[in-house]
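Taken from Swiss-Prot as is:
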type: ACT_SITE; residues: 469; note: active site, proton acceptor
type: BINDING; residues: 551, 552, 553, 554, 555, 556, 557, 558, 559, 560, 561, 562, 563; note: CoA binding site
type: BINDING; residues: 585, 587, 598; note: (R)-carnitine binding site
type: REGION; residues: 760-801; note: region 'Required for interaction with GRIA1'
type: TOPO_DOM; residues: 1-49; note: topological domain 'Cytoplasmic'
type: TOPO_DOM; residues: 71-103; note: topological domain 'Mitochondrial intermembrane'
type: TOPO_DOM; residues: 125-801; note: topological domain 'Cytoplasmic'
type: TRANSMEM; residues: 50-70; note: transmembrane segment
type: TRANSMEM; residues: 104-124; note: transmembrane segment
């Protein structure tokens, strides 16, 4: 098989005595280097875990403590109050000549015990500090004296240079809300979207639930919260993602490249820099040298989702998938024009340079060999229903185990697409829509959807990222993507001719072509999967539009939360689009807690509906609408803060539902809750998490974010990102098959709603619509649309990577 890239070093010959195997020196060298890398990696992992575990202390603090104890002993003082003498008695008797050594060992043991006790005390104190969420409830943009004191203590107990996983032992566990309060909030959220008779029916079911099932379910859930790291996250991963039997196309999300700039038009060069940067990130991740994410620059978030970022594959099962995570991987799997390749990422000198990786990718692009039978569309199986793929995978594993293991064991998947993508001068609107659609679905057979993420490199040098959702949520993948774009462009850079910097390596082994010896019996399954994938892809309606009339700076000037501002705009736009209110899903993170993931903010509140109705009522004045707008913003902020502090609605009800199923309890109320449909699913894409470069100094280097598919056949998926201070980008998705939705129509309503809401803050001066769709007056900077090579002398970020 092609997996054996050192086959030329393994010489086999037959003699009369049987088979003889001669191992050449290069094989022994490779075995030695592999073992050395493994030992070094394991030692680094142990050392980094140790450093993360003792934060805020350091090994130097132990040395200082030990030296202080020794100094006290020299001064004939006993800081241990007799404990060191007890320790000496427990040590072996080595004779009088080793009395001094016994004293040193006793002092070291006492110093270690005292040091460990101090660290434990600091961890307990830090956990108590991090359990405080009162700062979340303060008015937007203000900080009271108690909060300032709390923040100062958090910084003191956090240490000077915390590592990525330093806070994991100190993070509090996610609390289980009270059942009465959760049900009350749920009924409050349902009131705006239900008729009176339907609402009365839900109230009756809720009362029965609180009286009959809630006490027992709540008790068991409390017991689980005491025993598990998080009372809901493991069930969320299993039942929402891994037990889902639908296509992964429905749950993936994507991220885009820079909007205006393409650093190089050379596909292989961009792939080389990007892959090198991603593996640099993995190196920093393994050594825990990535700083932990701090909310508002002060409160650490859980970093557990980073652990399965690389070397991870979702393996299909008949009833349930599972995530296979490897400790390390020394290659990436590459797909190009129906063919699979293995590209090694390391040599005896470590990680390959960007120029060496470019050389490997260029070889693949230049390779004229055709795809093997059944190979071209094989990846369509990963887009098939999971149970079907699980059954076919057994046959693939039997006949092409080496190739399958190579793909599933890769650090990540790389797709070298044959078409260009990105913003174009000729048709900016349509080009962005096509770009988003390609990132979300591909052609149905050119993405290995099981991998944790797929790096997509287009023929004109544009990049994109497609992410499988089960292992992590958008902010974690977004952190990786920000690092990748900033580092490969600003830190690594490109030569003046567009190639990666450095020199090719003529001695580098060529990429290995994977061989798929597949039986013809799986041809119908591949064809069926391909038809299904193309049907799913063709049914997705994607629309991306940047809005340039104003952005975050203007919203800040209105003294309201930017996220709440957009959420109310979406409520107004959706009402104009559908003529009714609906359940709205906004994703909020719960990473303030250990292994926290997300919670739902139900943005369609009574206050939001009152504001929307006022905006549609010509008899209401701007002052009245503005007052209702501020009430709706305050309500949304309260819901968002409650969700972030573990007092949300939906994850608690979800956990109660799973517990009822495990206990074989029938709850019509919980069944009704879980059957509700989210017709509007929204999310804000985080930006500037890494601070590797200042987007204000380089306004052309903004990304238009990313998006996801709709959660319902007749619903919308809407994501948004603030591009700098003066622009907002929206990604809208819906189903072509629905007669009730239209992504472009909703986009126009969002644009109108943004202008109408902004006009409320202009003291009677209306924002004038300057364009319909995307035209020259919309603020598009046509001078920046070219995909030319970036000036290699561009100023670099001051951040030391």
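Glycine too: its Cβ is placed from the backbone N, Cα and C atoms.
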Lowest local Cβ density (other Cβ within 10 Å) among binding-site residues: 553, 561, 587: 553
Largest separation between Cα atoms (Å) of residues that the record links to (R)-carnitine, namely 585, 587, 598: 11
Output field, CoA shell: CB within 8 Å of site CB centroid, site 551, 552, 553, 554, 555, 556, 557, 558, 559, 560, 561, 562, 563 dropped: 565
Pairwise Cα distance for residue 561 (CoA binding site)/residue 598 ((R)-carnitine binding site) [Å, integer]: 20
Mean of pLDDT values spanning the topological domain 'Cytoplasmic' (1-49): 50
C-alpha spacing of residue 563 (CoA binding site) relative to residue 587 ((R)-carnitine binding site), in angstrom: 11
Those recorded positions listed as 469, 559, and which of them has the most Cβ atoms within 10 Å of its own Cβ: 469
Residue among recorded positions 469, 585, 598 with Cα closest to the Cα of residue 559 (CoA binding site): 585
Cβ-centroid neighbours of (R)-carnitine site 585, 587, 598, 8 Å, sequence order: 586, 588, 599, 600, 601, 681, 683
Residue 551 (CoA binding site): tally of other CB atoms within 10 A of its CB: 19
Spatial neighbours of residue 585 ((R)-carnitine binding site) that are distant in sequence (at least 6 apart) but have CB under 8 A: 600, 601, 602, 603, 678, 680, 681, 682, 711
Candidate nearest residue 598 ((R)-carnitine binding site) in space, where candidates are the recorded positions 469, 551, 553, 555, 557 and distance is Cα-Cα: 469
Rounded distance in angstrom between the Cα atoms of residue 553 (CoA binding site) and the residue listed as 'active site, proton acceptor': 32
